[in-house]
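Worksheet for the structure shown next.
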Amino acid sequence: MRTLWIVAVWLMGVEGNLFQFGKMIKHKTGKSALLSYSGNPCYCGWGGQGPPQDATDHCCFVHDCCYGEENACYPKTAFTLKFENQIIICDEDPCNYAVCMCDRVAAICGGENVATSDAKYLFYRSMGCEEESVQC
């Protein structure tokens, strides 16, 4: 029960429309975003600091940077997306499009690096995450 509570609190702090981002990740990786990528190790999940620890963590780092660049748009916005022939198509509204594209790029990156994702990083915070953060 404690684990469920921790996950619920974690979900409240995640930027972006988590459900839609999760659909993209599932579409591109075949894996559940929550079960396979939470806390991998420095940037996947809420917050982030230190240098990315692996290719998957780097995808999440780039995602965080993208949200930072789109600061004029509310990153928790719901947007329209669809899947056509394995391609993620984003809504055309400027802010929705910007946020959706941040999620889309991260999901594609995750799909390209699915083989490098290591289960040992699930809900794991590495000592390397305490090092100085890299710039976007």
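Glycine is treated like the rest: Cβ placed from N, Cα and C.
Mapped onto three states, the DSSP output places His63 (active site) in helix. Same-chain residues at least 6 positions away in sequence with a Cβ under 8 Å from that of His63 (active site) are, in sequence order, Tyr43, Cys102, Asp103, Val105, Ala106, Cys109. Feature annotation from Swiss-Prot assigns active site to His63 (among others).
For Asp103 (active site), other Cβ atoms within 10 Å of its Cβ number 26. Annotated active site per Swiss-Prot: Asp103 (among others), in sequence order.
Residues annotated as Ca(2+) binding site in Swiss-Prot: Tyr43, Gly45, Gly47, Asp64. Within 10 Å of the C-beta of Asp64 (Ca(2+) binding site) there are 19 other C-beta atoms, taking all protein chains into account.
Under the heading disulfide bond, Swiss-Prot lists Cys42-Cys129 (among others), citing similarity to another entry as support.
Around Cys44 (disulfide bond), taking its Cβ as the centre, 29 other Cβ atoms fall within 10 Å, counting all chains. Marked as disulfide bond by Swiss-Prot: Cys44-Cys60 (among others).
Summarising the annotation, Swiss-Prot assigns disulfide bond to Cys59-Cys109 (among others). Summarising the environment of Cys59 (disulfide bond), the number of other Cβ atoms within 10 Å of its Cβ, over all protein chains shown, is 26.
The disulfide bond annotation in Swiss-Prot covers Cys65-Cys136 (among others) and is backed by similarity to another entry. Over all protein chains present, the Cβ of Cys65 (disulfide bond) has 16 other Cβ atoms lying within 10 Å.
Of all Cβ atoms in the shown protein chains, 25 besides its own fall within 10 Å of the Cβ of Cys102 (disulfide bond). The disulfide bond annotation in Swiss-Prot covers Cys66-Cys102 (among others) and is backed by similarity to another entry.
Neighbour list (Cys95 (disulfide bond), Cβ cut-off 8 Å, at least 6 residues apart, same chain): Glu70, Ala72, Cys73, Tyr74, Thr77. The feature disulfide bond is assigned by Swiss-Prot to Cys73-Cys95 (among others).
Under the heading disulfide bond, Swiss-Prot lists Cys90-Cys100 (among others). Its own atom aside, the Cβ of Cys90 (disulfide bond) has 20 Cβ atoms within 10 angstroms in the protein chains shown.
The signal peptide annotation in Swiss-Prot covers 1-16, and the record cites experimental evidence as its basis.
If you measure from the Cα atom of Cys136 (disulfide bond) to that of Asp64 (Ca(2+) binding site), you get 9 Å. Cα proximity to Asp64 (Ca(2+) binding site) (within 10 Å) is found for the following disulfide-bonded residues from Cys42, Cys44, Cys100, Cys129: Cys44. Listed in chain order, the residues near the Ca(2+) site other than Tyr43, Gly45, Gly47, Asp64 are Cys42, Cys44, Trp46, Gly48, Cys60, Phe61, each with its Cβ within 8 Å of the site Cβ centroid.
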